[in-house]
Amino acid sequence: MLFCPTCANILVISAESGHNKWACQTCPYEFPITKQMTSRTHLTRKVVEDVMDADNETGASAQVMCPKCEHPKAFYTQAQIRSADEPMTTFYR
């Protein structure tokens, strides 16, 4: 992505006159493309915390049957991951 040095809007590729160029859509700035332009940005992944710690069994619990192991007790945590007008999401372990 390139940005206009005059008004800071994003530049788009235009080929109006038969030649490729970067052009600003809000001001008359144009930059001719004379060679191949490439760039790569390698992103680093964030370290994500577990929603529930596997060793912590001191949280809230409920009498819910596990469909996998059929254990009668489950520990849970709740998080608001959607908009405020929707209910909280419950994560069971």
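The backbone N, Cα and C atoms fix where each Cβ goes, and this holds for glycine too.
As annotated by TrEMBL, Zn(2+) 1 binding site applies to CYS4, CYS7, CYS24, CYS27. Sequence annotations record features per position, and here TrEMBL assigns Zn(2+) 2 binding site to CYS66, CYS69. As annotated by TrEMBL, domain 'TFIIS-type' applies to 62-93. According to TrEMBL, the zinc finger annotation covers 4-27.
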Protein Cβ atoms within 10 Å of CYS27 (Zn(2+) 1 binding site), excluding its own:
11
Lowest local Cβ density among CYS4, CYS24, CYS66, CYS69, which the record lists as binding-site residues, within 10 Å:
CYS69
Tell me, roughly as an integer, the mean pLDDT over the zinc finger (4-27).
89
Within 10 Å of the Cβ of CYS7 (Zn(2+) 1 binding site), how many other Cβ atoms can be counted across all chains shown?
11
What are the DSSP helix, strand and coil residue counts for the zinc finger (4-27)?
0 helix, 9 strand, 15 coil
DSSP helix/strand/coil residue counts for the domain 'TFIIS-type' (62-93):
0 helix, 11 strand, 21 coil
Rounded to the nearest Å - Cα separation of CYS24 (Zn(2+) 1 binding site) and CYS66 (Zn(2+) 2 binding site):
58
